[in-house]
C-alpha cells in the first residue's frame, strides 16, 4: 500500500490526470483520515471514565464536538482530492473546512472548560493539512494567501476552546497573540503542495523541451528528404533537356518518376511546415527491417530476449516514418528492459496494411515496464511527439487483454497522402 501511494504521489508530481489515480489517492486519504477520526472517537468515548481528580471540563455533549468537526472536515477534504475538483472548488472546500473548524471553536467558547478546556481533534488537524496541501498545489497565489490567513486564524481559535480568551476578558487583560506557532504550522501544511506544484512544473518544462527538440530533429530530417528528392528532380530534368529532342520516348517514361518524386517532396514539405509551425524537428532513415532485427540481440547482455515479428512491406515506408518506427521500437525495448527486470520475453510486432504501419512492443513482466517510472518517460514522450507530427499516434500502458506486462503501440501513415499531425499530445499512460 505504501508503494502504491508513493507511486501515486510521483504521478501527481508529474501532473498526471486519471480516474485510476484519483481512486488511489482518495482511498489512501480515506484510510489515513478514517484511522485518525476513529482514534479521536475512541478518546472521546473514554472521557466519561474520568479520574476522581479530573480538572478538565465536565462531561457533556461538547466532548464530541471536535469529533463531529473532524468527520465533517475529513469528508470535505476527501471531496476535494480528485483532479476534477479544480482550483475554484478546492479553494471553496478549504474555506468550508476552516469555517467548520471556527464554528466548532465558537460553539465550545461559552461552556465550562475547567483547567485546560478543549483541544483540537487530530482529525481536524489532518483534514486541514490535506486541504491546505491541495490549495497550495492547485490554486492561485491570492487564494493560497487567503486560505493561509484563515487557517492561521482557525488555529488561533484555540484560545476559544481553552478558555484563555474568556479568562483574559473577565480579568480585563489583553490577550497576547503570538502568530509564530500558528503561522509556522500553516506553512508546514502548505509545503507539500508547493513541492508537488514545483515538481509538476518542472516535469512540464522537461516535456516541452523534449517535444521542441523532437520537432527540430524532424524538421532536419524532412529538410534532408526534400533536398534529396528535389535534387533528383533537377538532375532528371537537366538530363531530359539533352536527350529529349533526340528520344521523346525517354521523356515520356521519365515523367511518371518526376511526378512521383515531386509528390513525395510536396508531402515531406507539408510535414516540414507543420513541424516548424509548432516549434520545429529528425535523423537518417534506417533500413527498418534491419533495425528491428538488430533488436533481437538486445537480450545478450543478460536482459530478456527480444522476439521480432514483421509483416508487410516495411522497407518501402517514407524515410521519416521508418525512422520514427525504428526509434519508437528501440526506446520501448530499452524501457522494457529497464523497468521490467522480471520479464522473460519482449515481443516486437510490426506490420503494414491499408496505408498504415503499426508497431507493438510488449513485455511479460509484472507491469513494471512503464516508461513513466522514475526516469520520467521523456524518451517515449519525444517519440509520441514525432508520431503525432507525422500524422500518427503512440500510446503506452498496461496490457489491455488482462495479461501481464506493459505495451507500447504506435500507428503511423506509411507516407502517402496529405499528412497532418494527429490531435492530442501523443503517448499517455492508460487511464
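Each residue, glycine too, has its Cβ placed from N, Cα and C.
Since we're looking at a predicted model, the values are computed, not measured.
Over in TrEMBL, the protein carries these features:
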type: DOMAIN; residues: 320-416; note: domain 'Histidine kinase/HSP90-like ATPase'
type: REGION; residues: 396-431; note: region 'Disordered'
type: TRANSMEM; residues: 21-44; note: transmembrane segment
type: TRANSMEM; residues: 64-83; note: transmembrane segment
type: TRANSMEM; residues: 90-109; note: transmembrane segment
type: TRANSMEM; residues: 115-135; note: transmembrane segment
type: TRANSMEM; residues: 142-160; note: transmembrane segment
type: TRANSMEM; residues: 180-198; note: transmembrane segment
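Across the domain 'Histidine kinase/HSP90-like ATPase' (320-416), mean pLDDT in this model comes to 79. Between the transmembrane segment (115-135) and the stretches 21-44, 64-83, 90-109, 180-198, the greatest number of Cβ pairs separated by less than 8 Å involves 64-83. Secondary structure counts, DSSP: the domain 'Histidine kinase/HSP90-like ATPase' (320-416) has 32 helix, 30 strand, 35 coil.
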